Amino acid sequence: MLNKPVLVESLIVFVIVLSVHAVVWDRYSWCTVALAVQAFYVQFKWDRLLQAGGAVFQFRAAANSGLLPASVVVPLLGIAMKERCKSAGIVYFERFGIVVASTGMLVALFLSVIAVGITKPVPTNTCILTGVAGSIIIYTMKHSLTVSEVIEVLEVLLIFVYLSMILLYLLPRCFTPGEALLVLGGISFVLNQLIKRSLNVIEGRGDPIDFLLLVAVVGVVLLGLFFTVLFIFMDSGTWISSLFFHMMTAVLGLGVIMPWLYRLIQRNPLFWLFQFLFQTQTRIYLLVYWTFLAASACGVVFYQNAKRSSESKKHQASTITRKYFHFIVVATYVPGLIYDRQLLYIASVLCLAVFIFLEYIRYFRIKPFGQTLRHLLSLFLDERDSGPLILTHIYLLLGMSLPVWLFPRSCAPKGTLSGAGALVPYSGVLAVGVGDSIASVFGSTMGEIKWPGTKKTFEGTMTAIFAQIIAVALILIFDSSVNLNSSYAWILASVSLVSLLEAYTTQIDNLLLPLYLQIMFMV
C-alpha cells in the first residue's frame with residue numbers, strides 16, 4: 001500500500017519541478033522531468049528495502065528514503081545557476097552550472113540503479129523507466145558536455161561511490177538514502193573541485209573565500225577519516241590518545257591544510273584571514289555581536305542542562321527550547337546579510353569547521369571535553385539523531401549557509417540579483433530560521449488540525465507562510481540592495497510550496513528546504 005504522506009510530498013516536488021521548468025525550459029528540462037519520474041517509482045523500492053532490512057547499509061529509521069526530493073535538488077540548482085549566468089553573459093559559470101546539473105543527475109541515477117539492482121524480484125517496469133531516464137540523460141550529456149566536462153562528472157561519480165561505501169559503513173543510521181545523496185554528493189563535488197583547482201592554479205585567479213570553503217570541507221572530512229581509522233587500533237578515550245589527537249590535528253592543520261590553502265590563494269592564509277576579519281570597523285562590530293550571540297547559545301545549553309534533575313535523566317529539551325537556537329541563528333545571519341556578506345561567508349565556513357571538530361571530540365570522547373560534550377548535547381537529541389553522530393546542529397548551520405555559499409556572485413550585477421533572486425541569500429533565514437521555527441512553535445502549542453498522515457498541523461504551516469511574508473517585508477525595509485520588481489506572486493507561491501514540503505517531508509528539513517526555496521527564487 002502506498003504511503004499517502006510520501007505521495008503528497010512527491011506531488012509537491014513535482015509541482016516545484018514543473019514550476020521551475022515553466023520559467024526555464026530547455027533540453028535539460030526533459031532530463032530533470034525524466035529523472036523525477038523514475039525517482040518517484042524507485043523511492044518506493046528503496047522504502048520497501050528499508051522496511052525489510054534488505055539495504056546493504058543501515059539508514060536512518062522513522063523516515064522514508066527521500067530519493068525523489070533529494071534527486072532533483074542538484075539538477076535544478078545547476079539549471080537555475082546556468083540560466084542566471086547565461087543572462088549575465090558569464091560563459092565559465094554557465095558551463096559550471098551545466099556540469100553541476102549533469103553531475104546531480106548522474107549521481108541520483110546511480111543511486112536509483114543500486115536500489116533496482118538489489119530488489120528481488122527485479123521490478124521490470126521500474127527497470128524500464130530507469131533505463132529510459134538514463135538514456136535521455138546520457139544522450140543529453142553526450143551532446144552538451146565537452147570531453148573534459150564528461151571526465152569531471154565521472155570523477156565526481158567515482159568519488160561518490162567510494163566515499164559512500166566508506167562513510168555509510170562507518171556511520172550507520174546517520175542518513176536516509178536521500179540525505180546521503182545530498183551530503184555525500186556535495187562532499188564528492190567539493191573534493192573534485194579542490195583537486196581540479198589545485199592542479200590548475202593560476203596566480204590571481206579565483207576568490208580566496210571560495211578556496212577557504214573547499215579546503216575547510218575537505219580538510220575536516222579527511223581529518224575525520226584519519227582518526228576513525230586510527231582509533232580502530234587504539235582506545236580514543238585515554239589521555240594518551242587524546243594528546244595524540246590534538247597533536248595530529250595541529251600537524252595536519254599546519255602541515256597539510258595551511259600549505260594547501262597557501263598554494264591556492266598565493267599568500268599566507270593566517271595573515272590574509274586576520275587582515276580580512278579586521279579590515280573595517282563594521283566587521284569588528286559584527287564579530288563582537290556574533291561573539292555575544294555565541295555566548296548566549298552556550299548559556300542556553302548550560303541553563304537547560306542545569307534544569308535537568310537527577311530524577312529526570314531521560315528528559316529531553318522541548319521543541320520550543322530547540323527553536324531558541326534557530327532564532328539565535330537568524331539574529332546572527334540577518335545583520336551579516338545586510339552589512340557584510342563576505343564576512344558572513346568566511347565566518348560560516350569557520351563555524352562549520354569548528355562544529356565538525358567539536359563533534360569529533362564528542363564522538364571519539366577526546367579528553368578533556370569529550371564526555372562533557374556528550375552529556376550537554378544529549379539533552380537536545382531528537383529522533384533524527386539515531387546514529388553515532390549528532391548532526392542536527394550542523395544541518396542547521398548548513399541550511400542557513402548554503403544559500404550564502406551558493407549565491408552566484410559572479411553572475412549578479414554588483415553582487416545582487418533583481419526580482420525574487422534578490423532574496424536568494426535569505427533563503428535559509430526564511431525557510432529554516434523563520435518558517436520552520438514558527439511552524440514548530442505555533443504548531444506544537446496551538447495546532448489542532450493535522451495534515452493527513454503527519455504530525456504537522458495546518459495552523460503551523462499557515463503561520464509559517466504568514467511569518468515568512470512579514471520577514472520579506474522587513475528585508476525590503478532594512479536591506480536597500482533588495483529590489484523585488486513586483487515578483488510578489490512568485491515569492492508567495494515559492495514560500496507556500498516550501499512550507500507545504502516542510503509539513504510532509506521526513507527528511508532533514510534544515511538541509512532540504514533552503515535549497516528548494518533558493519531554486520525557486522533563483523529562477
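Using N, Cα and C of the backbone, Cβ positions are placed for all residues, glycine too.
Database features (TrEMBL):
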TRANSMEM  12-41  transmembrane segment
TRANSMEM  61-80  transmembrane segment
TRANSMEM  92-116  transmembrane segment
TRANSMEM  153-171  transmembrane segment
TRANSMEM  211-233  transmembrane segment
TRANSMEM  240-262  transmembrane segment
TRANSMEM  282-303  transmembrane segment
TRANSMEM  324-339  transmembrane segment
TRANSMEM  386-406  transmembrane segment
TRANSMEM  426-446  transmembrane segment
TRANSMEM  458-478  transmembrane segment
TRANSMEM  490-517  transmembrane segment
Tertiary contacts of the transmembrane segment (282-303) (same chain, 6+ residues out, Cβ under 8 Å): 321, 324-325, 328, 331-332, 335-336, 339-340, 343, 347, 376-377, 379-380
Cβ contacts the transmembrane segment (386-406)/the transmembrane segment (490-517), at least three under 8 Å, sequence gap 6 or more: yes
Contact set, same chain, for the transmembrane segment (12-41): CB under 8 Å, 6 or more residues outside the stretch: 67-69, 71-72, 75-76, 79-80, 82-83, 98, 101, 105, 108-109, 112, 125-126, 129-130, 132-133, 136-137, 140, 143-144, 493, 497, 500-501, 504, 516, 519-520, 523
Other parts of the chain folded back onto the transmembrane segment (490-517), taken as Cβ under 8 Å at six or more residues beyond its ends: 5, 8-9, 12-13, 15-16, 19, 62-64, 66, 69-70, 73, 77, 176, 178-179, 182-183, 384, 391-392, 395-396, 398-400, 402-403, 419-420, 423, 427-428, 430-432, 435-436, 439, 451, 454, 456, 460-461, 464-465, 468-469, 472, 484
Other parts of the chain folded back onto the transmembrane segment (61-80), taken as Cβ under 8 Å at six or more residues beyond its ends: 3, 6, 9-10, 13, 16-17, 20, 24, 26, 28-29, 31-32, 35-36, 39-40, 42-43, 46-47, 50, 97-105, 107-108, 111-112, 115, 173, 176-179, 181-182, 185, 383-384, 386, 406, 501, 505-507, 512, 515-516, 518-519, 522-523
Interface present between the transmembrane segment (211-233) and the transmembrane segment (240-262) (three or more C-beta pairs under 8 A): yes
Beyond the flanks of the transmembrane segment (153-171) by 6 or more, those residues with Cβ under 8 Å of it: 57, 99, 102-103, 106-107, 110, 141, 145, 180, 184-185, 187-189, 191-192, 225, 228, 387-389
